[in-house]
Amino acid sequence: MFSTVTRATSRAGFKLGAVGGSRAALSIGTARKMAKEAPANGRRVVAEAGPTTYAALEARLNLSFGDHGVMEQVCTHKSYAQGRVEHNERLEWIGKRALNLFVGEHLIATYPNLSTEALQDVQHSSFGMSSLAEVGRHFGMQAAMRWEPVSREAPAVGLTKVLGKAVQALVGAIYQRQGVAAARSFVKQHVLSRPVDVEAVMQIKNPKVMLVALTRQKGMEYPVARILKETGRFTSSPVFIVGVFCATKMVGMGFGSSLKMAEHRAAKDALLKHYAKEIKDISVTGDEPDVKDKSNEMGHYVSKFTSLFSWGDREVRILILGLDGAGKTTILYRLQIGDVVSTIPTIGFNVETVVYKNIKFQVWDLGGQTSIRPYWRCYYANTDAVIYVVDSCDRDRIGTSRDELASMLGEEELQEAALLVFANKQDMKGAMSSAEVSEALGLPRLKSRQWAIYKTSALKGEGLDEGLDWLVNAINAK
């Protein structure tokens, strides 16, 4: 899992005071509108281009050259007026080399495992002329450009090249006028902050073979694929989740409708984690990111659930059981990721393993269809607790739910297991109360077992917190 990186946001929409007796107030929206209304062919000359236009452009770029003629030169392509005015070719020449240096330094530092060839491909695809042109368009530079078509290329293609070269010239002007530090800062903020798709330029045709070669080169143990989770193996729509391990360390994970596909994706994931691994640098002078954690809601149940199981090296095993449609899988993933996910009926089982401070616990979600329930007992061994989920709105099958619970609790392997009942779907009209569910299941008659019942809504996440609090206390009391 990669860490997130906060990228600096370009400043735009500035208003300036008097500049040379006039007021610059050309917004990006106005500039883009002017560019859109420019003729499709012929000379690209903006009627308003002049000191005010270039002052406004400097403001949007948060630059100050002290001479608007510099920005005019940056925006003048050599094709304009057949070279009779000062154009940006020399500035472009300087800027291109400065950009190559800054981008190269950034890529080498950020992706230390990428080959030189791959680094060159990333530089070309992510920081080439098209990307630079997008930077120019973002600030509305096209409205100030002066150029003429020099070939039979479509105007849009020609403008992309002209804008890209103008951004190179802009970097050259900053480098020449304000120094290398200012040029580097500008490139970092407006060019290097753009997303990089390393996977798109990597040629991974046979990831399993490549992964074996990589582990051999690094002196690591031979990679082994293991099934982490599966559902529907004997149906027309199976799903497998596979992890690739080197010794005890999982280096990649993948899913698929077949084991072969899941292994392929897991090996590819391992390769990308190695080669595309980023060393993040999120600090930008004068614009430090807000690092406040905004994922409290999503991570609440994850931290709550994982904090329950910090008992040395003990592995805690929990089963989530109940009839089909009760909400078992929804609860599992609400606990696992703190959010609601779309689910399909579980054919077989889902299992989630969470590691917290080197402590591992497993939560098994077993399918609840009639044909699957007889196989529940195959998973009873070494179970510490059972979470039994009941659909509080399903009055017709509450008797069936009671019978299955009684049969399960009668198994010798579950005699010491704590029982937590979730009276689920309390957010729906007509739901039975927790007291009604408790009586219908016969819970008050359980004299020699730790048990509790909580009303819950898996969709809203209500009641799960209280149930988990009870569960940790029950297991700790053993």
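A Cβ is built for glycine as well, from the same backbone N, Cα and C atoms used for every other residue.
Because TrEMBL annotations are produced automatically, they should be read as predictions rather than curated entries.
Around GLY322 (GTP binding site), taking its Cβ as the centre, 25 other Cβ atoms fall within 10 Å, counting all chains. In the three-state DSSP assignment, the secondary structure recorded for GLY322 (GTP binding site) is coil. Look at TrEMBL and you will find GLY322, LEU323, ASP324, GLY325, ALA326, GLY327, LYS328, THR329, GLY368, ASN424, LYS425, GLN426, ASP427 tagged as GTP binding site.
Positions annotated as Mg(2+) binding site by TrEMBL: THR329, THR346. Within 10 Å of the C-beta of THR329 (Mg(2+) binding site) we count 21 further C-beta atoms, all protein chains included.
Look at TrEMBL and you will find 54-179 tagged as domain 'RNase III'.
For 206-276, the entry in TrEMBL reads domain 'DRBM'. Mean pLDDT of the predicted structure over the domain 'DRBM' (206-276): 84.
Distance from the CA of THR329 (Mg(2+) binding site) to the CA of ASP427 (GTP binding site) is 17 Å. Helix, strand and coil counts under DSSP for the domain 'DRBM' (206-276) come to 28 helix, 24 strand, 19 coil.
Assigned with DSSP, the residues of the domain 'RNase III' (54-179) fall into helix, strand and coil as follows: 89 helix, 3 strand, 34 coil. Among the binding-site residues LYS328, LYS425, the residue whose Cβ has the fewest other Cβ atoms within 10 Å is LYS425. Distance from the CA of THR329 (Mg(2+) binding site) to the CA of GLY322 (GTP binding site) is 10 Å.
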